[in-house]
Structures are given as C-alpha cells and as structure tokens.
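Trainee: Marked as active site, proton donor by Swiss-Prot on the basis of similarity to another entry: 120. Sequence annotations record features per position, and here Swiss-Prot assigns active site, nucleophile to 265. Summarising the annotation, Swiss-Prot assigns N-linked glycosylation site to 353 and lists sequence analysis as the type of evidence. The pyrrolidone carboxylic acid annotation in Swiss-Prot covers 26. Residues annotated as signal peptide in Swiss-Prot, with sequence analysis given as evidence: 1-25.
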C-alpha cells in the first residue's frame, strides 16, 4: 500500500477518534454579550467553529447572534430572559409569538436544543417577584413549541443555581431548602412529565471562595490526590461532582429521579477576587474539560456542560464577573485549553489533508 494511502487511513482513524472524544465530552460555552468591545456575532460564531465548540448557550434571543448561527450546526440553549417571564406566563398568545419569532423563524437552520425559561429565578434572591410566573411560563412555552411542531426536537426547561439546595453534604443527602419546595417541586414535576433536563449553574469557585477554611483549593480544582468525601460506597475527589450529585439527590427526593441534569454554567474567574487567578482558572478549566467525559459517582457517563464564558465582559459587575472569559475581546485565548484533540493530531491533519482544517487546535 502506498505511503500516502496509509497516511490518509491513519488520518481518518484519528478523525474518528477525535469526533468520539469530543462527543463524549459534550462541551459547550456560554456566549455572554455584556461588553462594549466584543467581536461581531459572525466573528464569534466563526470562533466557535474554528475551535470545534459544538454547543452554545445564548441568554436571550439576540437576532444578530441567531442569524450568525444559521447553518453552523452548533447546538443552542436559547434563553428566554427573566424580564420576559411574567409576560409569557400571562397568555398563550405571547408564548406563541415568542416561539414563532425566536425559534420557528430560525428552525432548522439554527439547532435549538433547549429553551431556558428564565435564569436563576429563586424565592431567596432578588428575582423572587418572578417565582409565581415561572411554571406558567414553562407550560406556555412548552405548549407553543408543541404547536409549532417542534416538541420532539426542543426541550423546555429553566436554569437554577445552588442557592435552592438546603443540604448538600454528604451528596447523597442533598435536598432542596424547605422554604423553596413550593417553588422547586412543580418545576421538577414539569421536567419529569415532559422528559426534559434541569439546567443547573454549578460553581465550585464560589463555594471555595466563600469557605476556604473548610473547602481546600485542590478539592475545588479537581487536583485533590486522595478521596476527600466518602459517602457510603461513593468516593468524591472534587467539589464539582459533590455539588452535582447533591442536586441529583434533591430531585430524587421530590419525585424527579428520572430527570437529567445539564450543567448550564460552570467556570472560574481569572482575576477580581480571592482565589481568582490565571493559574487557578487554567487548572480548573483544563480539568473540567477532561472530567466532563467521565460523569459523577452517582451518575457515571458524559456530562453535558457549558463553560462560562466565551469572553471577558467589561460591563459586568462586580469586578470578578468581568474575568470569566476563555478569550479576551480581541479573540486571543487566555488559556492553553484543548477541547479534545492533541496538538499532534492538529499538525498531522494540517500536513496530510487540507479538508481537515476544521479540526480544533489547542486554545
């Protein structure tokens, strides 16, 4: 067999292995826009494609971003922002209009996978005034998606944070706060009945920075050399798994044992507060990318995970919120991250076949 043919076969094998590797990871990146110096929407989507980032979270139905996503084959979590939740809950006509304008008009050119109705609405935060509208808005959007003929393609959910969890230690004893059960139980029931996952924002950084005396940095960064928490037969070496499994346990306690979880935000700031350093962020992100393929002790298997965020956003507050980006606004990577392909594979593909240029290079 000719050397060139062997090289092509080897390359194809590497490409197949690469695609499996990235699929296992199920990684996405959140596309926030709270900056006055960010690239154009088309540049951003091209950056996702060039880095082989196949999933994206969008916090509102920005028409420029949705148009840029046409034909990209990137899977999208499309946000219905908190400011619209009350309006959507007030009547089906509003839900139908929203779905037509922001979903149906872009389908199937834009691969919307989930609609996140609200972000971190909670009875115990500044969004408490919206809590009574959360489930009605979920139901109305769900019905509107079904009426649009997309009920088998798009799941409707909401994104929550860890403030709803009352007990998280040990993870098997995870439970929702008693004073929010009136809010969380109907959400879990809705997701169970519609077979949709709960979207959860999980930040080991905030748990660590708020309690460094009790939580070690290695445990938060996935670098603990030994088991930190023994929970029955389950062993925990990192805080991410412990937090994730506490939510699974909480849902099981409320009849949601069949409900999956998508980690809809997860990141580490590089500046602006205690523990927020370039080195810590790089370590956390590299390990998160690797760990997303593996699953947690309670739920082994790939974890669909969205890293927060694509860019540093200079209009956010407080200061540390400005420093969660994987990239600077000039599109230069802040970290040497790898979404599943080694530099060697990139070099081989570039030398052997120009059509492999879509392979991800190291970030």
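Using the three backbone atoms N, Cα and C, a Cβ is placed for every residue, glycine included.
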Trainee: Could you give the Cα-Cα distance between the residue listed as 'pyrrolidone carboxylic acid' and residue 265 (active site, nucleophile), in whole Å?
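Mentor: Computed Cα spacing between the residue listed as 'pyrrolidone carboxylic acid' and residue 265 (active site, nucleophile) is 13 Å.
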Trainee: Return the count of C-beta atoms lying within 10 angstroms of the C-beta of the residue listed as 'active site, proton donor', excluding that atom itself.
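Mentor: Its Cβ shell of radius 10 Å holds 19 other Cβ atoms.
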Trainee: Out of 26, 265, give me whichever of these recorded positions has the highest number of other Cβ atoms within 10 Å.
Mentor: 265
Trainee: Quick one: pull the CA-CA distance for residue 120 (active site, proton donor) versus residue 265 (active site, nucleophile), whole Å only.
Mentor: 11
Trainee: When DSSP states are folded down to helix, strand and coil, where does residue 26 (pyrrolidone carboxylic acid) land?
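Mentor: DSSP call for residue 26 (pyrrolidone carboxylic acid): coil, neither helix nor strand.
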